[in-house]
Structure formats: structure tokens, C-alpha cells
């Protein structure tokens, strides 16, 4: 009997031991799954196998104290997670493609011109076009939905002042207006350096650009793993047929021709110029028409979020020229060709030009001359580089035009920088 019971005791002990091990393994597995499910979209190596549906976006909002979303903004965020359009027409992107981001406001007259020019760009069918909307406007949306010449993705700024009609970031009934004194008027807001309170339509320009940059580089599934160059254009930039091929050449030549250049540009930094027309490349201060840079440069820009978000100027480009670029410690050059491949058009800016009467375009159209040389790549690898130094323009020391003094705008801007990290 003793010889029989002893093995039964060992067998029972082994079963208890085995159950403990299996229970421990099950607990560890659940813990790993839980950690993986709560990883942020920007987490290196963790997000690639996760569908966006498992990302707990709401927890991010609570931690960042972003404005409470309304039903409309929530719907826009859901739209942002939809896959690109026209995948059936363009199932594969070129291996060396340069993603194009077109950011728009509410100027349909302008947008039609830009979309028409893009449709004639050589190589446009090889790449992804992302259209970033500052809020939602039906006419703008219809124009974009009609694009069939390339793979297309639309994103909408869910925290645009145009989406919030009665609360921040839009207009609230308690907001201070113009030069109100908060103490006397019992209103909410901080004035800029000139004593003026925020205008939602104005600050939305800077908010949209910064939200778009953070979303494209670090938030979107389609681009957050992209390390190469991304081209950024606006709704008042006419794009020449050779723009994409010229940009590919500039990007490939930049490491050897201008290793200190941060970017490549399709147009001169002076928007009134069309280029020198000589047989040389040009290195100059970075412009705001058709500019492209890579993730390394984006990381430097993102690292200057505080400088960007606290500089009292509602213009994103002036903010970059006056405070962000100077903080890099060396001149920020861009490489371009001697003939422009993009043109800034229109007679007014901001959010004007929405209606047919005030379209800011003569006769409702533009008359930009496109010569045969502008229809094919016109940059040569053997050309040397002319460097422009000490060019005029906004520099360190400029105090800003104001319009960006409200602490709420500063916090929202900083939150955009942290959304995906």
C-alpha cells in the first residue's frame, strides 16, 4: 500500500504545481495584451500590429485636457480613420513616392484651381495625396471627393474653431472681445502684446497647420512610419506639371549638393519671383510655397513646440522664421531649382474668398503661363549650387504681429504636440 500511495502523492503535487504555472502564464498573457492594447499610436514598434479601433483615444484626451468634443468633431475624427480613397484605381504606390499634403481652409474658388493643376502633374498617380481640412465645409468637401487622379485621403481638424460654434476653440459668450479688459468686463481671455483678444478665425490658421503636421507625421497610419520627404502645399498654390519630378530630383541631389539644406522647395522664398532661369541650383532661406522635408527635420521642429506655441503671431510661417528656425543654431537653407514649379496666386488670404462675389480671383480664374519647359523635369544633376546668404525677411528678434496671446490657444497648441506621444 505504501508503494502505491507515494506515487499518488507525487502526482497530486505535480498537478497542483502545473495548475499554478498555467495560471501564472495566463495572468502574464492577459497583462501583455492589456499593455499592448493601451499603447499610443506613436509608440515605436508597438502600434504596427494594432488596428486603430483598439487605441484608446479618449484616455489621451482626458490626460491632455483637450476641449470636450461635440458630436460633429467626434464624427470628423472617425472620418480621419477611414482608409484612403481610390485604392482600387491605384492599388500600389511607387516605392520612392513623396507623399503630398494639401491643406485647405474655405476658399472653393482657389481649391478648384489647385486641384485642376494637380491633375496635370506628371507622376501624381504614383503617390498619396492627403487633403487636410480646417474644419468641414460642404463645397470644399465635394471638390475633394471628386478627385480621381491619385490615391486620396481626407483628414479634418476636429478641434477647429469652425467646428465649435459656442465654446472654445470657437467663440464663447464669455470671451473677451477686441480690447476688452477682463477684470472690468468679467470676460475670459488673455490679450496679445498689442492688447487685442483672440479671433477664432485668425488663430485657426496656426492651429490647423500645427495639428496637421503632428497628425501627418505621428498620427496617421499611412504616414507615421514614413521617414522620407513629404511635400506640403496650400489651396492657393498653383502646381506646375513638372513639380513632382523636379522635387524627386531635388530630394535625391540634396545630400550631396547641399548637405546642410533642411528642405527642398518648388518655388523661391520671395513669392513674387519666378526664378533666375540660369543653369544652377539655388540654396536659400526656406520658403512657404511647396516645401518638403523629412522626419529628421520634423523631429527638430517638434522639439521646438514651446517656441512655436508661445510666440505671439497667428501666422505659422512667420512663427517658424522668427523663432523656430533661429533656435536651430545654424541657417535653415532649402534647395530649389532656377525655375519655379509652383506659384502663389490670389489677391487675399486668411479665410476670405469663400463667396462668388469676393472670390479673390480675377474673373473667377487664374492666368498662369505654363511653358513647355514647365511640363518636364528641368533640373540637371551636374549643376552647381548658388547660395543666397543674409536674405531679407522675418528673423530672430521680430516680436510677432500678435493675435496669439490667449493662454488657451497656447495650451491647445502644446496638446497637439503631445497627442501621439
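Just so it is clear, glycine is given a Cβ too, placed from its N, Cα and C backbone atoms.
Long-range Cβ proximity for residue 134 (substrate binding site), meaning a same-chain Cβ under 8 A and a gap of 6 or more residues, is found for 103, 104, 105, 106, 157, 160, 162, 204, 205, 208. Annotated substrate binding site per TrEMBL: 134, in sequence order.
Among the features that TrEMBL reports, disulfide bond is placed at 176-187 (among others). Annotation for residue 176 (disulfide bond): spatial neighbours 182, 185, 187, 188, 189, 191, 197, criterion Cβ-Cβ under 8 Å with sequence separation of six or more.
Residues or ranges marked as Mn(2+) binding site in TrEMBL: 236, 344. Using a 10 Å Cβ-Cβ cutoff, residue 236 (Mn(2+) binding site) registers 25 neighbours.
Around residue 258 (disulfide bond), a 10 Å sphere centred on its CB holds 21 further CB atoms from the protein chains shown. The annotation disulfide bond is assigned in TrEMBL to 258-261 (among others).
Note: residue 309 (disulfide bond) has non-local neighbours 210, 410, 413, 414, 417, i.e. same-chain residues 6+ apart with C-beta under 8 A of its own C-beta. Sequence annotations record features per position, and here TrEMBL assigns disulfide bond to 309-413 (among others).
Note: the CA-CA distance between residue 344 (Mn(2+) binding site) and residue 258 (disulfide bond) rounds to 25 Å.
Each of the disulfide-bonded residues 187, 261, 413 was scored by how many other Cβ atoms lie within 10 Å of its Cβ, and the smallest score goes to 187. The two recorded residues residue 261 (disulfide bond) and residue 236 (Mn(2+) binding site) have their Cα atoms spaced 25 Å from each other. Its Cβ taken as reference, residue 344 (Mn(2+) binding site) is surrounded by 17 other Cβ atoms within 10 Å in the chains shown. With respect to their backbone Cα atoms, residue 258 (disulfide bond) and residue 236 (Mn(2+) binding site) stand 28 Å from each other.
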